[in-house]
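*Asks:* TrEMBL lists these features:
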ACT_SITE  Y51  active site, proton donor
BINDING   H113  substrate binding site
DOMAIN    17-288  domain 'NADP-dependent oxidoreductase'
SITE      K82  site 'Lowers pKa of active site Tyr'
Amino acid sequence: MLQKKVKLNNGKEIPIIGLGTWRINGKEYIRNSITSALEIGYRHIDTAWVYENEQDIGIILSDILKNKKFNIKREDLFITSKLWNTFHHNVKEGVIQTLRHLKLEYLDLYLVHWPVSFKSKNNYETDRDKEGNPILLDFDPVSVWKQMEELVESGLTKSIGVANFGTQNLTKILENCRIKPVINQFELHPYLKQTDLQNFCTNHNIQIQSYSSLGSSDNENTAPNLKEDPLLSKLAQNRNITTSQLILSYLTHKNICVIPKSTNPTHIHQNSQLIQLTDQEVQQIESIKTEYRYVDLPSFGKDRFK
């Protein structure tokens, strides 16, 4: 499954499985995670400016690319990062900072992280109000996207896409773009199927990529545990796989890219060992009635998923 790639609407290909790095911080954790993944055969790594781990990832990637033991070239890798909400007035500065952190000359994919603009401090950190919430600005998807298109034309990234975008902002981009978004990365799993958004992306030839596929949450004490869902647990047990493997197999069955994150080498390996589900198993998973969004972020405003 690690060798499987999906063709994007610009003709380029992306591995269907990648390594997510959200909340992986600390040089040794990142080194172990990325090294384990690359040794297993992963070639896609997903990060973001706001994760505050790009610099550590850059050091590790630089070491690996120089190490003959790995025999990995830059063109063998698919590196994704994301434009943070404070860079919408200066998109080029966002990608330049990311490339400097990652010690790379170009990205394979650069995503607009959220359809939400934040007021920034001088160093592009988020400016906050007295309650600690980000200060929101008007978001102009067309202006941001025109700047994203310039990054492709200047060779700073091979492909551009979005994350957390709903149909409203996607439509505005599609009506005004020269380069279509190749991907929409959004939360997607058996508890949050987002069928209308899936259909919209499919109809417009925008590849879907799932994050928090296994139910990662800030509210782990109160949130339902996706991996302990009775039906999912039973289906996984019947196939002698983990519930995580079942969920990821369900998503890749639908040709959806996944970026599960882990610092555990065993889990990193398991997340790449996926199976072909039957149509009946897929139907059973899609019959689950529980609905829950794990990554909600109300402080990002009412339009955060539009």
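All positions are counted from 1 along the displayed chain.
Every residue gets a Cβ built from N, Cα and C, even glycine.
A TrEMBL annotation is a machine prediction, not a hand-curated record.
Tell me what's around each of these sites.
*Replies:* Y51 (active site, proton donor) is surrounded by 19 other CB atoms, counting those within 10 A of its CB over all protein chains shown.
Mapped onto three states, the DSSP output places H113 (substrate binding site) in coil.
Applying an 8 A CB threshold to same-chain residues 6+ apart, the list for K82 (site 'Lowers pKa of active site Tyr') reads T47, A48, W49, V50, Y110, L111, V112, H113, A163.
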*Asks:* Counting across all protein chains shown, how many other Cβ atoms sit within 10 Å of the Cβ of H113 (substrate binding site)?
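*Replies:* Excluding its own Cβ, H113 (substrate binding site) sees 21 Cβ atoms within 10 Å.
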